[in-house]
Structures are given as structure tokens and as C-alpha cells.
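Worksheet: the structure to be examined is printed underneath.
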Amino acid sequence: MAQDLTTNSLSSDKGLTIASTSSVNCFDSSNNYDLSLNSSSFNSNVETETDFVTTESTSTSNQYSSTSGYGSINAAAAVSQAVGQDTFADVADLGGNNWGADFVKAPEAWAQGYTGQGVVVAVLDTGVDRNHNDLQKNIWTNSKEIADNGIDDDSNGYIDDVYGWNFDGDNKDTLDGNGHGTHVSGTIAGENNGVGVTGIAYDSKIMPVKVLNDSGAGSYTAIANGIYYAVNNGANVINLSLGGSSDNFILQLALNYASSQGVIVVMAAGNESDSQPAYPARYAENYGIAVGAVDKDNNMAYFSNKAGSDPITYVTAPGVDIYSTVPNNGYASYSGTSMATPHVTGVVALMLSANKNLTDAQVRQILSETSGNSTQAATLNLDSNFVTDSNQESSSFSIKQYQDGFSQTGEQASLSIPEIGSWTSEIPTLSNRLNSAKDLQEPVFNLQYKMKNNEIYGNSVLRSKVFGDDNTFDTTSYSLSNNDKDKKDKDDNTVDIEKILEELKKAIDKYF
């Protein structure tokens, strides 16, 4: 197998490690911890006594905004500039579930013959249902590998990787047991067949690279290795609808490698309503593209992390109620910056189908120049009956059973439904998991707790989890809670510098 590029832990103490997780909406724990809701925890599918958001203008033109970066992406302008032409003329909207494609003006590029043809898009996620009727014709295959012969035919270090590679399980199984990766893939490359949803770059090919398990958990190690795999096996664009709370030098090296090879990486900004993106989207200062979410009216989604005051290549795209593919020939509406990201990935694929010679720097420049910054900033307008400090502290929930169903467009779910869970004084345990996007169509529940000086957080887009060597929580020294006074252990975090340098040298020797 290919060399593991990162240390087992860049920040550890008493066997605890931080492993980044994706935008998948789920809770998965081996021990008890407290949950609390805050103002960004759930959406209007749960009735409240207030208007959900109000908006205010943030900027005009395509100047940089600390809220929305360079604004909403525009395929008609970006693809035309990629081939040195004037902005493509408007065409009729598709309407219906394809409103996201209309919003980013993908049909204008299609009308000029640019549909993503010849472009390979690596989706680093929970896997992809390659058998979905709306995706199966657009799945990349490794033509140099012979399926199931137990031989690494192309000598790339991976045996039988006909449909990509699973870096979470270190095997060839890249199927999606969660739904998140399949949903992302449909937005990028859903077939233009009049059924379900049409992808932004519907003639591109999806390279499945599984870096997260079916609960949505993963590590920087898997993500970094997935990036190297995608680049070395012919991907032109990489979609990262995932992230973590902390900087990681080895992941940054992988992103730099992708950029140096002309591969564009598109990254979700995160759903914490923060003033700047989480990682790796924050690296868009130097390479790749960070993506925030807006709704149909170009209002900044309340949950979306903002661009930050220091200019980075940050654009916005539709990320609220996005209809796309899910496993077993299904469809569902999800929300999050994870859903906005594949819209931008699709536009980048259109640009590359028009001009394959574009570099990472050129794509970043074109998107910065052609995105229109008239995005509205969403602000919460909550009355006293919504969420307060007191009910945040006391509101916990228990999940009665794992939810594997999918919501359909227009469906709503109540938190009182037994299958989803009810408000009780109980807390989740080992077997309790919830893929909340499948049930509520919107980011729900914001899990927050702290470990030492490092804030670990869990929510519907970017989450970090604390694992021991056996992939279980070690709570012998910690009481995981929203209250700092519950922290038991006072030891300093330690970092094995020698080990980091050793791994870094291995990475440099192998790839540079």
C-alpha cells in the first residue's frame, strides 16, 4: 500500500488524538457527552416563534467582502473568460430541482458546448454509489487495472483500484454507506437525462476516493493520502466537502502538491457561522478555492462560515435545500457548505473542459474576477422563545435508533418522532447515530465541547472527534462538556517533533 503521509497524532495526550471529520451530519460516540443547541443548530423545519433570518447588504460589484469573499460564482462569465470570450448570453432556466445550475449559470456554458467533457473530478468523501442510475455512466474507472485479480496491475501501490481507493479502510471498496459523497457527486456530474438532477458538469467523470467512513469520520492522514492518489491517477479537480478545526502541515503539503500539478482543489468553508473558514478551506489564501453557501435569493446562509478579513479565494454558491442523488437510486435535499462546494467544483470542471491548460492560479484569478459580489449576509433574528443560554445547557436528546431513511423534497421531520429522537435528559451512547441531513434536510444539532486548550467541535459540516488508539473515546481524564470547569486533566499537550520531521522527510522524499 502507499506510504502513510502523516503521523498518527500531531496533538496528543494520554492516547487521545484529534481526527478530522466531514460535513456529514451524524453523531457517533463510544462514551457519554453533553450536547447543547445554539442558534445555528437547526432550521425552519422545526417550528419556532420567530422569523428565521433577516438580511443586510454586504457589498456590491466584485470587490472582496469579509462575509462573502468575491461573491456568487458565475459560470457564464468564468467559462467564457477561460477561452478569451465575452460573457456567454443568457439562456432559459431549467427550473425545478435544477435551480442551483440555473443560479450559477451553468446552462449558459452548456449552450456553448462546455459540459465537463474530458474532466475527471475526484470526490474525497464517504464514497460514491457508482451504481446509481443518475451517476453510473459518469464514474471514472482505472483502465490500467484489471478488476478482482488481486494484482496491482498498474503498479500504483493499490491492488484492484478500478473504482478508486478507500483510504479509511485501506481497501478497494469505495461505495457510499452514508449518502453524503453520493449527494455531492450528483451535483457535480448527475446525468443530463431528464431524471432526478442534472449535474453542473454533467459530462465529467467522478473518481471515488473514500476518505471517511460510513459515519462520516475520518482523519487528515486519509485526506492527504486521498489527495495524492487523486493527483497521481489523473484527477483534474478535487472536491473536499469536509474539514477540521485545526491546521495540519502534512495536509497543506498535499494541497500544495495538487496545485503544483495543476489540480484545482475546491473546499467547503464550514457551517459554524464563523467569521472565517475552517481548514482546509482557510488555505485558499495560497491555493484552491473556499466555498460559502447562499440560498435561492442569494442570501448568505446563516450557518455558512464567512470569508474573513484577509483576502482569500472565497466564492459562494447554492447550499440550501439542494436536491441531489443518494444511494440506492434515491434523491434527497441537503443543506450546507458541503452542498455549495460541488457547484463550484462543477463550474471549475466546465472551465477545464473549455481550456484544459488552466493552472490553479489562473482558475483562482478568473473566479475572483467573474464572481458577482452582491451577496446578502444572513443574520439571526431570534426572540426569547427560541434558544437561550438556560435551555441550551439543559437541552439534550437521545436517539432511539439509527436512521437510514432519506427525506424527499418538501418533507419535514419533527424532533418528537421516535425514530429521530425526542428531547429528554438522556445522552447519546455507543449505538446512537443520526444522519440528520437525511431526516431534516438542513444542518441540525451543534455539538460543542472542549479538550484542554484545543476546541473540538461537532456539527453538520465540520467536526473533530477525539479517539484513542483503539478508535474509542478515552474519558478517563476528561469530562467532555460545554463547561470548562468540567475539564479534569491539566497536563500540557505534547507534540513529537522528531516524529513529525521524520514523516515530513518521507513525504518530501517520495513526492518532491
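Every residue gets a Cβ built from N, Cα and C, even glycine.
Automatic prediction, not curation, is the source of TrEMBL annotations.
Over all protein chains present, the Cβ of D125 (active site, charge relay system) has 32 other Cβ atoms lying within 10 Å. Marked as active site, charge relay system by TrEMBL: D125 (among others).
TrEMBL lists H180 (among others) with the feature active site, charge relay system. According to DSSP, H180 (active site, charge relay system) sits within a helical segment. Around the Cβ of H180 (active site, charge relay system), the number of neighbouring Cβ atoms within 10 Å comes to 31.
What TrEMBL records for S338 (among others) is active site, charge relay system.
Residues annotated as domain 'Peptidase S8/S53' in TrEMBL: 116-377.
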**Study point:** Cα-Cα distance linking D125 (active site, charge relay system) and S338 (active site, charge relay system), given in Å to the nearest integer
**Key:** 10
Review point. Hey, how far is H180 (active site, charge relay system) from D125 (active site, charge relay system), Cα to Cα, in Å?
Key: 7
Practice item. Specify the count of other C-beta atoms within 10 Å of the C-beta of S338 (active site, charge relay system). Key: 36
Review point. Using DSSP, would you call D125 (active site, charge relay system) helix, strand or coil?
Key: strand
Point to revise | Within the predicted model, mean pLDDT of the domain 'Peptidase S8/S53' (116-377) | key: 96
